Structure formats: C-alpha cells, structure tokens
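First comes the structure, then the notes that go with it.
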Amino acid sequence: MDRLTDLWLYLAASPLLWLTLTLIVFMFALWLNRLAKGSPLLHPVLVSMAIIISILTLTGISYNQYFEGAQFVHFLLGPATVALAVPLYDHLAKVREIMALLLVTCVSGALVAAMSAAGVALLMGSMPETVMSIMPKSVTSPIAMGISEKIGGYPSLTSGLVLITGTLGCFVAPPLFRLMNIEDHKIRGFVLGVSSHGIGTALAFEISALAGAFAGLAIGMTGVVSAILIPLMARMLS
Amino acid sequence: MLGGFVILLGCQLIGELLVRSLDLPFPSPVVGMILLLIGLMIYGEVPEGLRVVAEGLLRHLSLLFVPAGVGLMVHFKLIQADWLSIALALLISSVLTIVIAALVMGRMMSKDGEGKHGSAD
C-alpha cells in the first residue's frame with residue numbers, strides 16, 4: 001500500500017503523467033464525438049476539459065501541477081497560430097475580388113461581437129476581469145487568449161468562453177439563417193467563421209466545401225481584425 | 001519538415017521581438033502569422049515542408065486548447081459569481097453577431113452582384 005502511494009506521488013509530480021493523460025482523454029473525446037455524429041454538445045474539447053477537471057478535482061491535483069505536463073501541448077498554440085497563414089494564403093487568390101466586402105463584414109462582425117458581449121456583461125454588473133475575458137470570445141482560441149492576456153483578462157477563462165461561444169453559434173446560426181432567408185453558402189460559411197471560429201467552421205464544412213473555405217478564411221481575418229480592434233476598445237472601456 | 005517548423009518558430013520569434021520592442025497591442029503569434037503571410041505572398045507558394053507542419057498542427061488544433069481550457073477550474077468562483085451575465089453576454093452577442101454580419105454581407109453581395117449574381121447551392 002505504501003509503495004502504491006509512493007508510486008502515485010512520484011507519477012503525480014512528473015510531467016509525463018499529465019501530458020499522457022491529456023492526449024489519452026482527448027483521443028477518447030474524439031472517439032465519443034464520432035459516436036455522437038459530431039454533435040456540438042459533445043465537442044471533443046469540452047468533453048476533454050470536463051473529464052480532466054473531474055480527474056484533477058477528485059485526486060486533489062492543482063492546475064499548476066497538471067500544467068507542468070500539459071504545457072508542452074499548450075506551447076504549440078503559438079506556432080499553430082502562425083500556421084494559420086498557410087490556409088489564409090491558399091484562399092487569398094480566390095477571395096481577392098470580394099476582399100473589401102469580406103473585410104467590411106468581418107470588421108462589423110468583430111465589433112458587434114466584442115461590444116455586445118462586453119455591454120451585456122457590464123450591464124449585468126460583471127467584474128472587470130470577466131468583461132475583459134469575455135470580449136475576445138468570438139476569436140479563435142490561440143488569438144483570443146493572446147488578446148485576453150494583453151487586455152487584462154484571464155486567458156484560461158477566455159479559452160473556455162471561446163469554446164462555449166463556438167458551440168452556441170452552431171445552435172443559433174442555422175435557425176437564424178432560415179429566418180433571414182440566407183441561402184448563399186459563402187455568406188453562411190463566412191458568418192459562421194466570424195461568430196464561431198473553428199467550431200463554426202466545422203459546421204460550415206458540413207454545409208458545403210465552399211462554406212467551409214469561407215469560414216476558414218473568416219477565422220484568420222476575424223482574428224487579425226480583433227487583435228487590432230479589441231485592445232483599442234478595451235483601452236476605451238477602462 | 002524540420003525547416004517548416006523553424007519557419008513557424010522563427011516568425012513567432014520575430015513577432016515576439018517586434019511586440020516587445022515596439023510595445024504593440026497584439027499577441028506576438030498574430031504578428032508572426034502576418035509576417036508569414038507577407039512572406040508567402042512574396043515567395044509565391046507554400047514550401048512543401050512548411051505545408052506539412054502547418055497542416056499537421058492545424059489538423060490537431062482543437063487538442064491544443066485543452067490544457068488552457070482545463071484552467072477554467074481555477075475560475076470556478078468567478079464563474080459562480082458571474083455565470084448569469086456570462087451566459088447572457090455569450091448568447092445575446094452570438095445572435096447579434098450572426099444577424100448583423102449576415103445582413104451586412106448579404107446586402108453588399110446583392111448590390112455587388114446585380115446581373116452576375118448566382119446563388120451557390
């Protein structure tokens with residue numbers, strides 16, 4: 001019994017256990033999501049978060065201890081953000097002719113997303129840190145977390161809110177499109193990307209490849225536009 | 001492939017240096033992404049090694065959010081205090097964003113494409 005405890009103490013303190021756990025839990029969550037036919041309710045990231053948080057809470061492991069191992073995965077977010085330039089470049093030629101139109105859509109979408117979220121949170125009397133963490137919620141996580149850190153929010157809170165926003169968008173967008181008579185797949189895709197980043201893009205690819213390409217483009221554009229606009233808005237707010 | 005990874009890290013590093021030295025308000029990976037995009041536009045194509053690494057990273061993009069997402073557990077108190085305002089803010093903002101972005105883009109496309117308009121089904 002003592003040896004088991006010793007072994008557990010040793011493993012719990014090593015980064016290897018938490019890195020491996022992160023990968024295994026994520027693979028399980030992917031499998032579960034495929035089983036549920038890609039339902040946004042069982043998004044692999046949400047499921048993984050829930051499982052890992054439960055394990056850590058039950059075993060009394062602190063987030064810092066977990067992060068010792070998980071940081072190796074987390075670090076790759078930086079290079080992955082830089083890598084978004086590749087699909088952006090691939091689509092650049094195709095969308096050049098309607099670039100101005102996309103830019104206007106993207107700027108208005110990014111402004112409405114950040115201002116309405118901050119506005120509602122302020123009206124409801126949220127704490128300033130919460131407001132700052134909410135503002136980048138429509139931006140793809142790696143960029144959203146960078147913005148959140150920059151303006152005084154909690155990046156980890158933001159990343160959770162980003163995921164919830166993405167899932168919400170997948171629920172409300174289809175009925176809204178029907179209500180507004182939006183048939184064009186370019187519009188459906190781009191709007192999904194603007195409001196719900198990567199999770200919306202996954203849904204857009206289910207509509208059509210054209211919608212998916214425009215959603216992917218919207219992720220990158222909204223990210224860059226928001227990275228410029230949100231810190232300015234945050235400065236005005238505080 | 002190694003070269004592709006070096007390109008990504010190099011862009012991020014230059015981005016970091018620019019953000020620190022010029023005190024820019026953007027996250028440094030975003031600056032790195034813009035640098036890489038400009039580089040690709042000048043170079044004219046995506047080098048094979050870079051494409052392999054970039055697409056590999058982006059295919060597993062959602063995995064990379066998990067460690068930070070688990071960090072939500074640190075904010076349980078804050079979420080408990082603000083959960084209603086967070087939920088309302090996310091819901092109202094999502095609906096508004098979708099409606100306004102779709103309106104703007106729809107209006108501009110129908111004005112743009114009078115004549116050459118074709119719906120994409």
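Placed from the backbone N, Cα and C atoms, the Cβ positions cover glycine too.
Features as listed in TrEMBL:
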TRANSMEM  A:12-32  transmembrane segment
TRANSMEM  A:44-63  transmembrane segment
TRANSMEM  A:69-89  transmembrane segment
TRANSMEM  A:101-125  transmembrane segment
TRANSMEM  A:157-177  transmembrane segment
TRANSMEM  A:189-207  transmembrane segment
TRANSMEM  A:213-234  transmembrane segment
- Message: With contact taken as 3 or more Cβ pairs under 8 angstroms (pairs 6 or more apart in sequence), are the transmembrane segment (A:189-207) and the transmembrane segment (A:69-89) in contact?
- Response: no
- Other same-chain positions with a Cβ less than 8 Å from the transmembrane segment (A:69-89) and lying at least 6 residues past its termini are 14-23, 140-143, 145-146, 216-217, 219-221, 223
- Note on the structure: Tertiary contacts of the transmembrane segment (A:157-177), defined by C-beta under 8 angstroms and 6+ residue spacing from its ends, are 40-41, 43, 45-46, 49, 129-130, 133-134, 136-141, 144-145, 147-148, 188, 191-192, 195-200, 203
- Query: Against which stretches of its own chain does the transmembrane segment (A:101-125) lie, if we need a Cβ under 8 Å and a gap of at least six residues from its ends?
  - Reply: 95, 131, 134-139, 190-191, 194-195, 217-218, 221-222, 225-226, 229-230, 233, 237
